[in-house]
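First comes the structure, then the notes that go with it.
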Amino acid sequence: MRVAMIGTGYVGLVSGACFADFGHHVTCVDKDAQKIERLERGEIPIFEPGLDDIVARNRAAGRLDFAVDLTQAVREADAVFIAVGTPSRRGDGHADLSYVYAAAREIAEAAEGYTVVVTKSTVPVGTGDEVERVIRETRPDADISVVSNPEFLREGAAIEDFKRPDRIVVGTDEPRAREVMTQLYRPLALNSLPLLFTGRRTSELIKYAGNAFLAVKITFINEIADLCEQVGANVQEVARGIGLDNRIGAKFLHAGPGYGGSCFPKDTLALTRTAQEAGTPLRIVETVVGVNDVRKLAMAKKVMNVLGGDVRGKTAAVLGLTFKPNTDDMRESPALSIIHALMDKGMKIRAYDPEGMEEAKKLLPAGVTYTSGAYEAAEGADCLVIVTEWDAFRALDFERLRKIMAQTVLVDLRNIYRPDEMQALGFTYESVGRGSDAAEGLAAPAVH
Ligand SMILES: NC(=O)c1ccc[n+]([C@@H]2O[C@H](COP(=O)([O-])OP(=O)(O)OC[C@H]3O[C@@H](n4cnc5c(N)ncnc54)[C@H](O)[C@@H]3O)[C@@H](O)[C@H]2O)c1
């Protein structure tokens, strides 16, 4: 089949390359001419493990093309995917759909013959109706079905997620569109294709409900972590203790500095706006949004407290800037809020990230010093702060760190290390939600 992918970002490039790998012919289109030029030269504009191989392989096989203008690709396509950004709209937190509607208009102008237009971008419930209206208004004669097919891939594991998804959700009531979508995904699993067909609005809502649920789960364990610190319990053991219950499940129960990234913050916010306008506010999700915002600043306070409160002139070495490992995506990363808050209090920042520094430089204040590695960042620092759990930070040489740091203080916001080990190494150690079970000075619970 022939596919046009409109928007060649984290989702569009991965989806396009994977569809090509299934044997389809794919053209990835992007308005950003520089991005397309780099791709034409064989460069991959984002960091995503394995993506370079799959792009090169399918380019060589003649199944993957790139273009700035969508006309030819759309004209020839059986399915056109919209995978453009849907960021938060300034001011009100709604999803900004201007890129989606602009793409829809251009697609309508170029389409020929029966074409399935598939919204892969995360869009609020009802957007498919509006995309259809825009298309019909632009080209009343066009033979087009508008389908919702939200994407669930995770950055850092995107190819694996796309090729081995838990489920593929397709929102359409039209048999012709259903057939095209089935053909597109069929190579993925000949026997047990996990396709879930729903109505279009339901499909759109599944994406938001899924992300909101995961954000609730993370925020829940983060609040439990705060409680653990106060009552002398260990959040990792609590998470294991509840996660072994199949009804709860072990995933998304890692306490940390709060969720970030290109999806959860904007999607939770947009969902609360949709719900408010529908007259059915989602109080739990609203609370989660607020709790998560405050949490990032609480992490900065943790750093200040461990250094005795007055941090002016002191230096923090920040390890990890991206919102999670194995990506270069800095959007809404907790590191941004934490570094801003520390600099506001007069701290100097030395920072290192294996892949995210180019993006970080665009978003962080000019005064940050970027280094070539973890030890270079730690040189002369009063405190080491692990914000992102890259593998490179999992086995640090603490003897070496002791020699080069001004003070032996580690704030581990991902609970990579063990408090007893760090104590034995002579480090002042602060992590998340790991009060000692034998904490002294705590009142025993009352017996009733
Ligand atoms: N990043 C993720 O992990 C992820 C996961 C699931 C869903 N999503 C959703 O997928 C969508 C895309 O996310 P992303 O992270 O890939 O965004 P992105 O910002 O990385 O990429 C979007 C691309 O679309 C291009 N674009 C915008 N308007 C265009 C137009 N009219 N024609 C051609 N190109 C155009 C931009 O230049 C950009 O390169 C969003 O709705 C997001 O919420 C993202």
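Glycine residues also receive a Cβ, built from the backbone N, Cα and C atoms like all the rest.
TrEMBL lists CYS263 with the feature active site, nucleophile. Marked as NAD(+) binding site by TrEMBL: ASP30, LYS35, THR86, THR122, GLU155, LYS266, ARG331. If you look up TrEMBL, you'll see PHE152, LEU153, ARG154, GLU155, LYS207, PHE252, LEU253, HIS254, ALA255, GLY256, GLY260, LYS324 marked as substrate binding site. Annotated domain 'UDP-glucose/GDP-mannose dehydrogenase C-terminal' per TrEMBL: 317-419, in sequence order.
Features recorded in TrEMBL, as mapped to the structure shown.
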{"residue": "ASP30", "record": "NAD(+) binding site", "Cβ contacts under 8 Å, 6 or more apart": "GLY7, THR8, GLY9, GLY12, ILE36, PHE66, VAL68"}
{"residue": "THR122", "record": "NAD(+) binding site", "Cβ contacts under 8 Å, 6 or more apart": "THR86, ALA95, PRO150, GLU151, LYS207, TYR208, ASN211, CYS263, ASP267"}
{"residue": "PHE152", "record": "substrate binding site", "Cβ contacts under 8 Å, 6 or more apart": "ASP161, PRO165, ASP166, ARG167, VAL169, LYS207, GLY210"}
{"residue": "ARG154", "record": "substrate binding site", "Cβ contacts under 8 Å, 6 or more apart": "ASP161"}
{"residue": "LEU253", "record": "substrate binding site", "Cβ contacts under 8 Å, 6 or more apart": "LYS217, ILE218, ILE221, ALA239, ILE242, GLY243"}
{"residue": "ALA255", "record": "substrate binding site", "Cβ contacts under 8 Å, 6 or more apart": "ILE221, ASN222, ILE224, ALA225, VAL235, GLN236, ALA239, ASN415, VAL432, GLY433"}
{"residue": "GLY260", "record": "substrate binding site", "Cβ contacts under 8 Å, 6 or more apart": "LYS296, PHE323, LYS324, ARG331, GLU332, SER333, PRO334, LEU336"}
{"residue": "LYS266", "record": "NAD(+) binding site", "Cβ contacts under 8 Å, 6 or more apart": "THR86, PRO87, SER88, ALA95, GLU332"}
Discussion item. Within a 10 Å radius around the Cβ, which one of these binding-site residues has the most neighbouring Cβ atoms: LYS35, LYS207, ARG331?
Written reply: LYS207
Worksheet item: Just how spread out is the NAD(+) site if you go by the largest Cα to Cα distance in Å among ASP30, LYS35, THR86, THR122, GLU155, LYS266, ARG331?
Response: 24
Worksheet item: What counts of helix, strand and coil residues does DSSP assign across the domain 'UDP-glucose/GDP-mannose dehydrogenase C-terminal' (317-419)?
Response: 34 helix, 18 strand, 51 coil
Worksheet item: Of GLU155, LEU253, CYS263, listed as recorded positions, which ones have a Cβ less than 6 Å away from ligand 1?
Response: GLU155, CYS263
Item to complete: Measure from the Cβ of the residue listed as 'active site, nucleophile' and count the other Cβ atoms within 10 Å, all protein chains considered.
Response: 25
Response to the item:
Expressed in angstrom and rounded to a whole number, the substrate site built from PHE152, LEU153, ARG154, GLU155, LYS207, PHE252, LEU253, HIS254, ALA255, GLY256, GLY260, LYS324 spans a maximum Cα-Cα distance of 24
Worksheet item: Within 10 Å of the Cβ of GLU155 (NAD(+) binding site), how many other Cβ atoms can be counted across all chains shown?
Response: 25
Worksheet item: Mean pLDDT, the domain 'UDP-glucose/GDP-mannose dehydrogenase C-terminal' (317-419)?
Response: 98
